[in-house]
Amino acid sequence: MLDREGFRPNVGIVLLNQKNQVFWGKRIRTHSWQFPQGGIDRGETPEQAMIRELHEEVGLLREHIRIVARTRDWLRYEVPDRYIRRDARGFYKGQKQIWFLLQLVGHDWDLNLRATDHPEFDAWRWNDYWVPLDAVVEFKRGVYEIALTELARYLPRNELRNRFLRQGVRPHEQETTFDAVPGANFELPPGGSFEPNPQTSYGLDASGKPHET
């Protein structure tokens, strides 16, 4: 389902634990890490799609989370042509997203990456809310910054000081600097990166629905 401009309606999920650390998932059979996200099916509201995607990707139910906030408007990113399948080029442009900030009220053991027969992730970890955005795949970087910045107002005030980290600026009490790779505040497992899987392409499935492959 695409809008008139070629964007697929989508939801993004920022899931917090009780320490305000954020869930990151490793895409199955790749070294790419990202926030949970997924398309909105026809007839669904963004919240309904978020609850469905949350269960499909990380195994959580509505009772396991508290909805803290959501972005006010759609946030868009365009997918570069080299990641779009040839049969979708010319009319599929990218994703438009509503982002939700969620608080986990359950436990870590409620997370289940095998809740469905088509898992999206094969590993997960908690990390600080802010990460150096030069470590995020380039075409999603702007959306991540806008979403995290808009939703940060709903975090406890002691988390707001970390807003400097997204631009590599260190607060006075912080001695860490950030280069073009994840730094001390964001550790990836060996071999991990935010670069897209070279085999990933964006196109249409058998029903004509845009998807990542």
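For all residues, glycine too, the Cβ spot is worked out from N, Cα and C.
These features come from Swiss-Prot:
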- 6-149: domain 'Nudix hydrolase' (DOMAIN)
- 185-213: region 'Disordered' (REGION)
- 38-59: motif 'Nudix box' (MOTIF)
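Using DSSP to sort the residues of the domain 'Nudix hydrolase' (6-149) gives these counts of helix, strand and coil: 40 helix, 51 strand, 53 coil. Under 8 Å from some Cβ of the motif 'Nudix box' (38-59) lie the Cβ atoms of residues 1, 8-11, 13, 15, 23, 25, 65, 67, 70, 98, 100, 102, 110-116, 118-121, 124, 209-211, all in the same chain and six or more residues away from its ends.
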